[in-house]
Amino acid sequence: MNPIVKQFKYGQHTVTLETGAIARQATAAVMASMDDTTVFVTVVAKKDVKEGQDFFPLTVNYQERTYAAGKIPGGFFKREGRPSEGETLIARLIDRPIRPLFPEGFFNEIQVVATVVSVNPQISPDLVAMIGASAALTLSGVPFNGPIGAVRVGFIDNQFVLNPTMAEQKQSRLDLVVAGTDKAVLMVESEADILTEEQMLAAVVFGHQQQQVVIEAIKEFAKEAGKPRWDWVAPQPNTDLINKVKAIAEARLGDAYRITEKQLRYEQIDAIKADVIAQITAEDEEINEGKIVDIFTALESQIVRGRIIAGEPRIDGRTVDTVRALDICTGVLPRTHGSAIFTRGETQALAVATLGTERDAQIIDELTGERQDHFLFHYNFPPYSVGETGMIGSPKRREIGHGRLAKRGVAAVMPSLAEFPYVVRVVSEITESNGSSSMASVCGASLALMDAGVPIKAAVAGIAMGLVKEEEKFVVLSDILGDEDHLGDMDFKVAGTREGVTALQMDIKIEGITPEIMQIALNQAKSARMHILGVMEQAIPAPRADISDYAPRIYTMKIDPKKIKDVIGKGGATIRSLTEETGTSIDIDDDGTVKIAAVDSNAAKNVMGRIEEIVAEVEAGAIYKGKVTRLADFGAFVAIVGNKEGLVHISQIAEERVEKVSDYLQVGQEVNVKVVEIDRQGRIRLTMKDLAPKQETEINQEDSVEEQE
C-alpha cells in the first residue's frame, strides 16, 4: 500500500488529504485532516441504474465516533446510537452544496459516508468533512462537476477571520460557512450578531475567495490519485414524447397556473397530469409513466419561469417584491406561557414559548465534552399542513434543519441567563405551508417570546427570497411560494431585526450567481423584512411587562458558599424536603446563588425563609425556640436554627435536680433554650435555666424574606 498524500496550508491551519491505504473497495476514500481533526470519507457509486429510477438517490451520512476524543459512549450498550441532531445538521451541510453538481438525468445511487475518527477540540469536524467529501467525489470518477471548497468565516474586532478556532468563535459576531466551486457560491449557512447586509455579503465574497486554495489542492490531488471519469452520457430527450405532452397540456397548464389558491391549483394540475398520462399510455402502453411525469414537470417549470422572466404577474398575482397578506394573533392559548399565530398567505405557524428553570436546560454530549443549551427551538411539520396524510413520529432531517435555522434567526436577540434566568423553549407548529415555513417560524417565535414576557433585544422577522435566471436575464422574488422554490434557481432566507441580519441561509441550484445578484436579493429581503416587522410591531410593540401567571417565577438569594451543604443536607434530604413540602424548584450555584422557581409567590417566600433559618449563624448567649429531637440519659438534643442540634445537659433542664429527662421533656416538644457555648468542633451547648422570655431571639420567616426581597 502506497498512499498518495496532498498537504496544503489553509489560513492558520494545515490540511492533509490521503488516499490509497484504507477502504480500497469503496469507489473512493479520503482521510482528510486539519490540525489533528480527522474525518474519513468514503464514496460508493453504483454503475447500474435501477429500472424505473426517476430521481437521483444521493445519501450523505455523517457520524462521530467517541473514540475520536478518547471517550467511551455512555448508556447501557456503550456504543454509538442513532445520529444526533448535530450529526444530522452536518450531514445536510455536506449534502446541500454537492447535490446540484451532479448532471440532470444522472440517477445512479451514490452514498457518501463521513466518519470522524480524531478530533482536536479547537477544530470543528464539519469543514473537514465537507473538504473530504469534495475530494472523495472528485477522485471517484463519477460525473461530479466539482470540486467544491468549504470555509468558515468569523468576524472579530471588525475583521473577517478565516476558519476561526473554537476559542475564536466564542468572540466572533459571525459564524458563516460558505461552500462553492471555483466560479460560484453554492451554499451559505450562517448566524450573526445583527450585522448589516453589506457585512454579510462581504463575508460571503471573502469566504469564496479564500476557499480557492482548497479547490486547487483537490484538483492537483485528483490529477495524481483520481480514477478515470465515468463514460456517462445524459439521456437524449424524447422529442416526440415532449411534443405530445405539450400538445395535450401546455395551454391547460397555462390556465391552471393562473389559479391563485394552492389547493384548487394543485387539483387542476393533478387532473391535467392524469389526463396526459392516460392519453399517452392508451396509445403506447410501453411508455414509462415516470418519463411522462418528468416532461410534464419540465413544462410546468417553463411556463412559470417564462412568465416571471417576461415580467408577468407571479402564480398568485403578486409583483416580484410583494409580500403576501399578513395576519397576526398573540396570546392565543390560555394556559401556555406565550403564544402566537403568524400567517403569511397560505403559510401559517403556531408558535408557543415555554419558560423553565435551569434544570430544564438540555445537556448536549459532544465529542469535545458536555455543554448546556438554555434556548431550545423545535419545528414540527405535520402532513396536514399541506393537506396530506402521512406518518407522524420523530423529526426528520428537514424538520431538524428548519428548526436550527429558525433558532439561529432568534438566538442573537435572546437575553443572557444573567438578564433573564430562565430556560426558554419555543415550538413552531406549522399548520399551513406554501413556502417559507422556517421564516414564518422566526416571526412566530419572536411574537410568542414577546407574549411570554421574554425581554428580547428586538423583534425578529424572516423572509425567503427566490431567483429565476435565464442566460443574462434574472428576476429576484420576495416571499416565494412552494412552487417558486421548487421551480426556481435559488432559496435565499434572511432573518433579522430593523438593525441588521441574524441569520442567512442560501442554497443555489445553478452556477453564475454573482455578488450583484446576492446584493439585490439582500436589499429586497431587507425591504420585505421591514414591512413584516412593521405589522408585527402593531400586534405587539414590546415584550409583555410581566410573565404569565402560569409560568414559574424565579426568586434569587445569596448564601455563604460554605453553607450550601447545610441547605442540601445529607444525601439531599434537606433540599428534597424543601421542594416537596413547598412545591418549588431550587437550584444552588457554587458561588452561593440560590434560585427558587415557584408559580406561587407565597411558596417562594416560605422556602426562602426556611433557607434563611438553615444558614443562620447560632450566636452564643442568644435565646431560641427549638424542638426536642431525641432524649438520652444525660440530656436532650434540641434542634434550633436551621435544624442545628445542641445538647441540653440533664443538669441544665430545670433549676431543681432532674432524675429522669423524660419526666420533663418529650420528643417533638417545643422549648426555649439559651446558647451557652459553641466549642471548636461546632458543638452547641444549651441551657433551659435563667431564661428571660421577653428577650427571646426567634427567627421570623416573613421578616427574613422581606429583607431578601
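Just so you know, glycine gets a Cβ as well, placed from its N, Cα and C.
Database features, via Swiss-Prot:
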- D485, D491: Mg(2+) binding site (BINDING)
- 552-611: domain 'KH' (DOMAIN)
- 621-689: domain 'S1 motif' (DOMAIN)
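Residues in the domain 'S1 motif' (621-689) partition by DSSP class (helix H, G, I; strand E, B; coil) as 9 helix, 33 strand, 27 coil. The DSSP secondary structure for D491 (Mg(2+) binding site) is strand. Each residue of the domain 'KH' (552-611) gets a DSSP state, and the totals for helix, strand and coil are 32 helix, 16 strand, 12 coil.
Mean per-residue pLDDT, taken over the domain 'S1 motif' (621-689), amounts to 88.
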